[in-house]
Amino acid sequence: MKSDCMQTTICQERKKDPIEMFHSGQLVKVCAPMVRYSKLAFRTLVRKYSCDLCYTPMIVAADFVKSIKARDSEFTTNQGDCPLIVQFAANDARLLSDAARIVCPYANGIDINCGCPQRWAMAEGYGACLINKPELVQDMVKQVRNQVETPGFSVSIKIRIHDDLKRTVDLCQKAEATGVSWITVHGRTAEERHQPVHYDSIKIIKENMSIPVIANGDIRSLKEAENVWRITGTDGVKKKMTLQWAAVATFLYAEIGLILIFCLPFIPPQRWQKIFSFNVWGKIATFWNKAFLTIIILLIVLFLDAVREVRKYSSVHTIEKSSTSRPDAYEHTQMKLFRSQRNLYISGFSLFFWLVLRRLVTLITQLAKELSNKGVLKTQAENTNKAAKKFMEENEKLKRILKSHGKDEECVLEAENKKLVEDQEKLKTELRKTSDALSKAQNDVMEMKMQSERLSKEYDQLLKEHSELQDRLERGNKKRL
């Protein structure tokens, strides 16, 4: 097939790889394909305003391959028209691969239109009807990959979403496995025209992909492009930590800091016990157990999510490593895997240190109590020793006094002991009498209480009867009146 009849010039700057732009960490500004507008003059104009990547208008691949006139009218380019993606409408893999071979010296890649909702396109088997034919899309991508051997030549698709988003995610994953360089997602269904764009759906698709995803739909200014970029997390966005993982990382550093502070050797446990006894901790303690369990559940959920991401990108990593046609996608997957592993370590260590921190606080509290009890017991033992020494000294004095006074005093002491025993017996007898009197008084109190309850019930009954009599009397008076 001849391509020299086209009004084109081979661009000397085809080294500008669009995939590298998506991995640059900056917002990639793409001029979407627009019917009758996205031709060379318009593309030259938008490039002067920092447009990073331009598409041609949709070209029907069958006409482009069969007609030189179609090539001359539909596709023109020049040396400054880089990087450039040619968008084709196709439903035949062979014709598409032939069209791709014609444009490959003059463009950076081709794009398969699977999103045009116009009736004529869908009636011909082009555009949005292809989102329901994933096998055909896969076959077209494979054929182009096999026929075009130019290094770095991209093959992308532009799609719309299904009502059931799972079908869209499945289509994208099949296209990714076939070798698509990136996917452009217009956030409307084939039936929707001017309804709001479902940017949340684009975000979900992006989260399930490891290749670049371009958001499309209702983006009319740079500010809107930046807003959509932030909302969807599509490629071109600089992959910083998300807010949740930044919070978990901060939480992890705070845990490590607290553990190090608690382990400082010059702060004794008693000091921590005093700190823990502040009123503010007493107020927090009422919510502590709930907060502790809530944080554990959150960390477990994040940990499991990180495990899922690691498993996902590890499997993709194995596939991409064997692929020689897409080293850029392999690097992108490696970066995704690295981030998921980082998130796994952050959530896992946060959970571990949270449990260690709880245990450490408990141990410090218990140690402080044990040390306090030890101090009290030590004081009691010292006091007991002093008292024992004092009693021993007094006992020695008494022994010396007894020896000096002789037997007479022993008789006196015996008499006094007998008297003390008698007094003790009398006191026991009086205590028994007092106890009997106390129990009798308690019984009397119980009886009085029961009588009081009976009187209260009788009083309530009388009040009830009085109120009934009063009601009858009032009704009688009303009848007389």
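Cβ atoms here come from the backbone N, Cα and C positions, even for glycine.
Per TrEMBL, domain 'DUS-like FMN-binding' is recorded for 31-237. When averaged over the domain 'DUS-like FMN-binding' (31-237), pLDDT in the model lands at 90.
If you look up TrEMBL, you'll see 241-371 marked as domain 'BAP29/BAP31 transmembrane'.
Sequence-distant contacts of the transmembrane segment (245-267) (same chain, six or more residues past either end, CB-CB distance under 8 Å): 299, 302, 343, 346-347, 349-350, 353-354, 356-357, 360-361, 364. Taken from TrEMBL, the feature transmembrane segment covers 245-267 (among others).
Listed as Cβ neighbours of the transmembrane segment (287-307) (distance under 8 Å, sequence separation of 6 or more from its ends, same chain) are residues 244, 248, 340-341, 343-344, 346-348, 350-351, 354-355, 358. Residues or ranges marked as transmembrane segment by TrEMBL: 287-307 (among others).
What TrEMBL records for 344-361 (among others) is transmembrane segment.
TrEMBL lists 425-479 with the feature domain 'Bap31/Bap29 cytoplasmic coiled-coil'.
DSSP assignment over the region 'Disordered' (438-463) gives 26 helix, 0 strand, 0 coil. Residues or ranges marked as region 'Disordered' by TrEMBL: 438-463.
What TrEMBL lists as compositional bias 'Basic and acidic residues' is 446-463.
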